[in-house]
There are 2 protein chains.
Amino acid sequence: MSYRGRARKFLESASIDVGDMVRVEKPDVTYEGMVLDRADDADDRHIVLKLENGYNIGVEISDAMIELLEKGSEPRIKLPPVEAAEDPELPDVSIISTGGTVASIIDYRTGAVHPAFTADDLLRANPELLDIANIRGRAVFNILSENMKPEYWVETARAVYGEIKDGADGVVVAHGTDTMHYTSAALSFMLRTPVPVVFTGAQRSSDRPSSDASLNIQCSVRAATSEIAEVTVCMHATMDDLSCHLHRGVKVRKMHTSRRDTFRSMNALPLAEVTPDGIKILEENYRKRGSDELELSDRVEERVAFIKSYPGISPDIIKWHLDEGYRGIVIEGTGLGHCPDTLIPVIREAHDMGVPVAMTSQCLNGRVNMNVYSTGRRLLQAGVIPCDDMLPEVAYVKMCWVLGQTDDPEMACEMMRENIAGEINERTSIAYFRG
Amino acid sequence: MSYRGRARKFLESASIDVGDMVRVEKPDVTYEGMVLDRADDADDRHIVLKLENGYNIGVEISDAMIELLEKGSEPRIKLPPVEAAEDPELPDVSIISTGGTVASIIDYRTGAVHPAFTADDLLRANPELLDIANIRGRAVFNILSENMKPEYWVETARAVYGEIKDGADGVVVAHGTDTMHYTSAALSFMLRTPVPVVFTGAQRSSDRPSSDASLNIQCSVRAATSEIAEVTVCMHATMDDLSCHLHRGVKVRKMHTSRRDTFRSMNALPLAEVTPDGIKILEENYRKRGSDELELSDRVEERVAFIKSYPGISPDIIKWHLDEGYRGIVIEGTGLGHCPDTLIPVIREAHDMGVPVAMTSQCLNGRVNMNVYSTGRRLLQAGVIPCDDMLPEVAYVKMCWVLGQTDDPEMACEMMRENIAGEINERTSIAYFRG
């Protein structure tokens, strides 16, 4: 076994080996589960258990008592070298890590994020993945997602492109949850993909019994083997630990600070419900595996402003962005797509300078309609691009991407209005807004 | 009758008077209802019908045929002068108009907003109000709510204060829906009130059969006679035209661009469900009528920035606000209350200059918790004020108000963290987030 130091002594004191069923008693809680193997560089203060409910948890041993319940006939989670594990009958799924809480599935020390991310680490924590696919793991970088920025979108897109080019039948991208929906939108525009590209993450690190990491990663690998060849987000569907929803990467938003079912399809239904064992399509209108050729369009413009409108906002904020050489502006307006009429002159100025200005709504649900009220009509006359039912965050990402593709403001306006990756939904259903 | 010109001839051609039941046939639709009286300055191209379902609609007459169904024994909606209508048994409710779609309940010309707003106009459209209360109406100003700004919050607060001082048992504020939740938050902080102050509006003007104006105004007047002496928002509870929800003014947000049930309590339950006939309390924890003395604290600081964080945001945006002399900054961060670490130095600079910086979450649902991840802890060390479960919009309004009350940054921080008007909810329930 790879346990060492105190953890090794703790296990050996009760003649326990990896794969054995044990009961661990702590002053406030008792766990029963199977002892899992550890990462090679793990500390010696924790052991890892796989609980009945499928969760893997790290248990701090200093105040713990351990008891053998049942000897594993042989170590059940004996991890073979990845090369040897390849099953020609199974699809090949690449897991790319960019960092975030989900990367801590491989580290049971509280709060810390493991700097490395290999298939070995991942499979040690989730041996069930080997039943779904041959897994290859790769860490692109390791950052908290609040620090993501457009140049990292490009790096991520290139890494995914590389994996698909190398023959992956699907790619899972492990990502922090804070800005996952910005990055999933970015890759939706940058990539044409013949295979699934599935973003996933975790709201709770796997050292907590309530961690969502294990189910999310298993469902994501399952989704990566599916027929849905789009950039998607796969996260807990409900507060229960039963299934995930697969959301279109341009129609999803983090809607709760801490809940595991924080990601919600907005102005759309989830594409599918996913369990580790299978996938149930909820929305038939998706791009099928193999229908697109692989293509990467990874140029982005970083000088794009994303401005929330509010009562009292000064037009000088927009003016400042123009003076600083920003090349595009996305406004998160109010209601049907409004902002104070004091902003209209500077918006017209931006338009006349060739800086596209796009309008979205901070309502998030529903559709911008700038023909209903006079403010909207005046904004249209000033050249504002109405973004239909696009999320504000998606419109911002799209503007960065569009201005990477063209220098022509007219063309940029046209591209903003065109549905490129499912970001504009022509149909609207009352089922889209549950409140 | 007050109809004139073509409308008068149209009615007289079938010997129809105000109060009669009629059938009106248009090429595409047929209406049955009672002919209502009109505002004195109305055009002569429409007649107004009260439909069976309670809606009042304006019907364009140029291509319409009219037929008398039943003669009203006498004009049922004969509006008495408001002075004479006062019933000493009923409470006195003042309706203050600030503009917006709901103000068009008194105008059936498509799209236009009526510049005046009197009790007569209002009662002509909603005679049922006289069964609930003695109504007094007053137009403070008439603007679209996207043009609201802090100085208008002050004017509105003063008008409400004046009505309560003059003896109103409750006040209804008619307001455009775009920024109603900003203004309701502002008045929540500015006013201590012994009586209900109820914001309402309309998503569809009353010339449309689907208008929500009539139910909203009736339920709001009912809520204004209730025991809930807080600043609230009263709008459609569901897509059905059955009842309204009464939301705490600091825990509500417009969540859909066009639906009538767009306003939702966030991180809280609605306080009550309201029909024109009664009120059902859903949340017992409210301030009771008469428990507070009337008090107005209407100073606000207008130089407050409200900045949405996003991947790629430049610290120079915050720097610019500091250079311009802004006195407070509210960030709509990601997840549990994060922003890119590139912003931390300039946030520390702001803090050191005595400019408070507050952190909220663009997730909207849930609570900021800046102790979980390193970014949050570093932001706390830089002096950032965590806003718990306060909505970003409410934190912005509160910062404007707090900096109007004190020049001391320490005191401002303390006030931001203190629960003043129910904006910080200590308890959290899974019922708060339906997705």
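Easy rule for this one: first residue shown is 1, then count along the chain.
Cβ from N, Cα, C; glycine included.
Annotations in TrEMBL come from automatic prediction, not curation.
The domain 'GatD N-terminal' feature in TrEMBL is assigned to B:16-69. Each residue in the domain 'GatD N-terminal' (B:16-69) has a pLDDT score, and their mean in this model is 82.
Among the features that TrEMBL reports, domain 'L-asparaginase N-terminal' is placed at B:93-284.
Positions annotated as active site by TrEMBL: B:T101 (among others).
If you look up TrEMBL, you'll see B:T177 (among others) marked as active site. In the three-state DSSP scheme, B:T177 (active site) is classed as coil.
Residues or ranges marked as active site in TrEMBL: B:D178 (among others). Around the Cβ of B:D178 (active site), the same chain contributes B:G100, B:L144, B:S145, B:E146, B:M148, B:K254, each under 8 angstroms and 6 or more positions distant in sequence.
Within 10 Å of the C-beta of B:K254 (active site) we count 29 further C-beta atoms, all protein chains included. Secondary structure from DSSP puts B:K254 (active site) in a beta strand. Summarising the annotation, TrEMBL assigns active site to B:K254 (among others).
Annotation comment: TrEMBL describes B:303-416 as domain 'Asparaginase/glutaminase C-terminal'.
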- Note on the structure: Helix, strand and coil residue totals from DSSP for the domain 'GatD N-terminal' (B:16-69) stand at 0 helix, 28 strand, 26 coil
- Within the domain 'Asparaginase/glutaminase C-terminal' (B:303-416), how many residues are helix, strand or coil going by DSSP? 51 helix, 21 strand, 42 coil
- Task: Inside 10 Å of the Cβ of B:T177 (active site), count up the other Cβ atoms and send me the figure.
- Result: 30
